[in-house]
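Below: one structure, written as structure tokens.
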Amino acid sequence: GNCIELNNDCDGSKDDCQCCRDNAYCSCYNFFGIKSGCKCSVGNSGTGYSVCLKKLECPNRRAWTSWKKECTKPCIGKRC
């Protein structure tokens with residue numbers, strides 16, 4: 001049930017559940033179809049929201065959250 005902290009190396013062949021935080025995903029350079037330099041990263045609020053929605057079902061969610069199942073919607077047109 002562990003997870004990888006931000007900016008640490010992750011496995012590009014595994015899903016984003018390996019990265020801690022609801023909005024963190026395994027970001028890789030794609031070099032001729034080969035993933036390399038993969039690190040747990042966060043994008044902007046829009047990216048974070050879609051990543052979070054996918055990560056709601058991670059079996060190891062307890063590693064970074066107390067099982068809360070909510071994602072913060074991105075601010076659209078400055079209305080938050």
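Even glycines carry a Cβ here, placed using N, Cα and C.
What Swiss-Prot annotates here:
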DISULFID  Cys3-Cys20  disulfide bond
DISULFID  Cys10-Cys26  disulfide bond
DISULFID  Cys17-Cys52  disulfide bond
DISULFID  Cys19-Cys40  disulfide bond
DISULFID  Cys28-Cys38  disulfide bond
DISULFID  Cys58-Cys71  disulfide bond
DISULFID  Cys75-Cys80  disulfide bond
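Everything Swiss-Prot records as a feature, shown here on the structure.
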residue	record	DSSP (3 states)
Cys3	disulfide bond	coil
Cys10	disulfide bond	coil
Cys17	disulfide bond	helix
Cys26	disulfide bond	strand
Cys40	disulfide bond	strand
Cys52	disulfide bond	helix
Cys58	disulfide bond	coil
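Cys26 (disulfide bond) has its Cα within 10 Å of the Cα of these disulfide-bonded residues: Cys17, Cys19, Cys38, Cys40, taken from Cys3, Cys17, Cys19, Cys38, Cys40. Within 10 Å of Cys38 (disulfide bond), counting C-alpha to C-alpha distances, fall the following of the disulfide-bonded residues Cys3, Cys10, Cys17, Cys20, Cys58, Cys71: Cys10. Long-range Cβ neighbours of Cys3 (disulfide bond) (same chain, at least 6 residues apart, Cβ-Cβ under 8 Å): Cys17, Gln18, Cys19, Cys20, Asn60, Ala63, Trp64.
With Cys10 (disulfide bond) as the anchor, the candidate disulfide-bonded residues are Cys28, Cys40, Cys52, Cys71, Cys75, and the one with the nearest CA is Cys40. Within 10 Å of Cys40 (disulfide bond), judged by CA to CA distance, lie the following disulfide-bonded residues from the set Cys28, Cys71, Cys75: Cys28. Comparing the disulfide-bonded residues Cys19, Cys28, Cys75 on other C-beta atoms within 10 angstroms of each C-beta gives the minimum for Cys75. A coil conformation is recorded for Cys75 (disulfide bond) in the three-state DSSP classification, outside any helix or strand.
Across the fold, the C-alpha of Cys71 (disulfide bond) and the C-alpha of Cys28 (disulfide bond) stand 24 Å from each other.
Rounded to a whole number, the C-alpha distance linking Cys28 (disulfide bond) with Cys52 (disulfide bond) is 18 angstrom. Across the structure, Cys58 (disulfide bond) and Cys75 (disulfide bond) place their CA atoms 25 angstrom apart. When the disulfide-bonded residues Cys20, Cys52 are compared by the number of other CB atoms within 10 angstroms of each CB, Cys20 has the fewest. Ranking the disulfide-bonded residues Cys10, Cys38 by other CB atoms within 10 A of the CB puts Cys38 at the bottom.
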